[in-house]
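To start, the structure itself, in structure tokens.
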Amino acid sequence: MSLQMVSAVSNSSLLQPGFSLLNFDGHVFFFGQKGWPKRSCPTGVFFLDIKQNELKMKPAFFSKDSCYLPPLRYPALCTLRGNAKSDEHEYIIHGGKTPNNDLSDKIYIISLVSKNSKKTTFQCIEKDLGGDIPEARYGHTINVVHSRGKSMSVVFGGRSYTPLAQRTTEKWNSVVDCLPSVFLIDFEFGCCTSYILPELQDGLSFHVSVARNDTIYILGGHSLQNNTRSPNLYKLKVDLPLGSPAVTCTILPGGISVSSAIVTQTSDTEFVLVGGYQYDNQKRLACNTIVLEDNKIQIVERASPDWTPDIKHCRMWFGCDMGKGSVLLGIPGANKQLISDANYFYILRCKGAEEDKEEELTAQICSQTSTEDPGDSTPFEDSEEFCFSTEANSFDVDDTDTYNEDDEEDESETGYWITCSASCNIDINTWVPFYSTELNKPAMILCSNGGGHWVHAQCMDLSESMLLRLSEANVKYFCNEHVDLNKGLQTPKKVVHLKKQPMKPLRRKIAMKLTTPTKKSFLRRLFE
């Protein structure tokens, strides 16, 4: 195993715990940035270009028939292939947490449409499901199983918010483990079915799952209810006959107590387990090899890489699988750095030297999300305000090769607790959530008047449906005080037409100079 440091170029603040990596045709793409996408890259998906130990991000695009995909962190992610031998595949993305700390219950299918040296285009489709739909969650897993010529997706674990009726203002962001139900999703018919198994008693999140054929193995994970990392190893077997599916669970010995570990696949039957946490503040520096053969699993400890002193002594780390035995790891930067949220990044290669050279030539392949677990202590940090892209199509890939944070507007002067208008009554001491997407900060929207300024959506009397519509539309918004100044939005004043035609100026002037008797006689002859 070899460890190599890479330097992030001008975009390290976007790579935060909870990101995911996608791979298409040997190219790795970054998904799940910190904050909402901005006009420089409205999709929030970047090509991860690593050359000469430098990491650069190049914006990717979505086709016109794609749906909106928010930047989800800690989602469940897996590949969906047309058949076992096909290299072409799509990605399933389920759940996750938005920058507003809203949890998603949607499921997306993302596929590659076209790619050249200057532009990469994806298609993203939201799948409509019926039946026992999994509730919104994050920190869970999704896998695809194959049985009797059929395939289904399996969702398990994760965390969700405390039910709305049980929340208080002081504990609005409290989370709980989801029920340990197993969900089977049939994409062909768009239906979901949940199963309650007696072997699964406690909810799990940030666990590891590996699948082969009709079997899924679940390893580790953290339980909020017991504040423990499960030592159990669960074996889920899914049988797909012509009738109803059958799901069974078996508890096996040889599990590992770890959460937020990363798994990378090195061969058809071999995986490597790296990273994670043994306890809340203790990283797990040991590595393991997982072998799946003949419906059996074998987990053995393997030699660990030569961890650097920075990795050994840091309190937290995070990362994601890059495919074919490669893992992207991140650790917090030193406090003396000018950018407070900058991170250091490493590429860990779990194969031999010869395979590593081949890997560098063919680039990184495959992807499976795994993240650091901040949910154990502070599950809802880094909340970002609504950031509406008013010029989503203004980015020209021919003019700009990489994403540059310096091109973005400085949001450090934008506060949530501003006085946005004369009638603003948002107070940090008395504010309570108004929209369903709000949890600990009020939603804001950018007024396009002048240089632009932020106002509270609630003070502008925006309904939630209108707020979401404006966030997805490529239109400009003007607040209540500036809407009349915008041409095209101002309603023309109503002109009142006189019923009688006024006298001509010359006749009116002559009539005013006449004496009263003469005036009456003149006017009588004038209108006869």
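Quick reminder: no glycine exception, Cβ is built from N, Cα and C everywhere.
Automatic, uncurated: that is what TrEMBL annotation is.
Sequence-distant contacts of Cys459 (Zn(2+) binding site), defined by Cβ-Cβ distance under 8 angstroms and a gap of at least six in the same chain, are Cys420, Ser421, Ser423, Cys424, Asn425, Ile426. The Zn(2+) binding site annotation in TrEMBL covers Cys420, Cys424, Cys447, His453, His456, Cys459, Cys479, His482.
Model confidence over the domain 'Recombination activating protein 2 PHD' (415-492) is summarised by a mean pLDDT of 79. According to TrEMBL, the feature domain 'Recombination activating protein 2 PHD' maps to 415-492.
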Tell me the Cβ neighbour count for Cys479 (Zn(2+) binding site), meaning other Cβ atoms within 10 Å of its Cβ, over all protein chains shown. 20
Those residues of the chain, 6+ apart, with a Cβ under 8 Å from that of His456 (Zn(2+) binding site): Ile418, Cys420, Cys424, Ile426, Pro442, Ala443, Met444, Ile445
Excluding near sequence neighbours, so keeping only residues 6 or more apart in the same chain, what lies with its CB under 8 A of His482 (Zn(2+) binding site)? Cys447, Asn449, Gly450
Taking the center of the Cβ atoms of Cys420, Cys424, Cys447, His453, His456, Cys459, Cys479, His482 at the recorded Zn(2+) site, which other residues in this chain have a Cβ no more than 8 Å from that point? Ser421, Ile445, Trp454, Val455, Met460, Asn480, Glu481
Between the binding-site residues Cys420, Cys424, Cys447, where is the Cβ count within 10 Å the lowest? Cys424
Non-local Cβ contacts of His453 (Zn(2+) binding site) (under 8 Å, 6 or more apart, same chain)? Cys420, Leu446, Cys447, Cys479
